[in-house]
Amino acid sequence: MSDMHSLLIAAILGVVEGLTEFLPVSSTGHMIIVGHLLGFEGDTAKTFEVVIQLGSILAVVVMFWRRLFGLIGIHFGRPLQREGESKGRLTLIHILLGMIPAVVLGLVFHDTIKSLFNPINVMYALVVGGLLLIAAECLKPKEPRASGLDDMTYRQAFMIGCFQCLALWPGFSRSGATISGGMLMGVSRYAASEFSFLLAVPMMMGATVLDLYKSWSFLTAADIPMFAVGFVTAFVVALIAIKTFLQLIKRISFIPFAIYRFVVAAAVYVVFF
């Protein structure tokens, strides 16, 4: 593979990762399809995917840095307010409660979960995750009990964490599981989305560091330019995607995302079967 070709592949996959990581459409499903079509598979490809996820995580940190520091008691002047945010009553305990279920299951069944990374499992997860999005829109309370992040209860945070366990199924979508769970628990669509992004930082960081540690032997000096391009591309695209997504969900439901998931599932079937 030539240097220019590998850098082009890195940029393409960085765009795919950045666009899909925080949308309820399954970044895993997209990365499997695009990686297969580009002929970029194997141990190096898996390590590459782990590295560029860090770029997506950094985008969330940049977007929500004030809120993230506020969770640990560090405040920088007067907080900037956005719709869905308020005065700092969301605490680190909410985040920890949202993490516990998936962390426990993820650590206990890490190797088993990794063995599920294949097209057939991803295809089914795309469909089931789409059905959950539709269920969340249809069954959510007419008036949310938590319209903003700071209205959320500990119980709601923990239940969202339980829904997050569904994302251990490759292709399900972590954001899809947590946002759907939040809506079913009476959290507004906007607040559930923001909580999902905040929850992503420790969850994805922990999972990525663990995967990177286990994949370190596949990383060589020659891969650094390619990995750097993918990382930066994923960061920039994820930043744009998050901002756009938070504006979009003020106007539309998640039904279009569910339909899109079904289309991607069909694409997985066509490409691999």
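Placement of Cβ uses the backbone N, Cα and C atoms for every residue, glycine included.
Listed in Swiss-Prot:
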- 6-26: transmembrane segment (TRANSMEM)
- 45-65: transmembrane segment (TRANSMEM)
- 90-110: transmembrane segment (TRANSMEM)
- 116-136: transmembrane segment (TRANSMEM)
- 190-210: transmembrane segment (TRANSMEM)
- 222-242: transmembrane segment (TRANSMEM)
- 252-272: transmembrane segment (TRANSMEM)
Long-range environment of the transmembrane segment (222-242) - Cβ separation under 8 angstroms, sequence gap at least 6: 3, 6-7, 9-11, 13-15, 17-19, 21-23, 44, 47-48, 51-56, 58-60, 62-63, 197
Looking only at residues six or more beyond either end of the transmembrane segment (116-136), which have a C-beta under 8 A from one in the stretch? 24, 26, 28-29, 32, 166, 169-173, 176-177, 179-181, 183-184, 254-255, 257-259, 261-262, 264-265, 268-269, 271-273
Close approaches to the transmembrane segment (6-26) from elsewhere in its chain (Cβ under 8 angstroms; 6 or more beyond its ends): 34-35, 38, 40, 48-49, 52-53, 55-56, 59-60, 122, 125-126, 129, 133, 171-173, 175-176, 179-180, 196-197, 200, 225-227, 229-242, 245, 254, 257, 260-261, 264
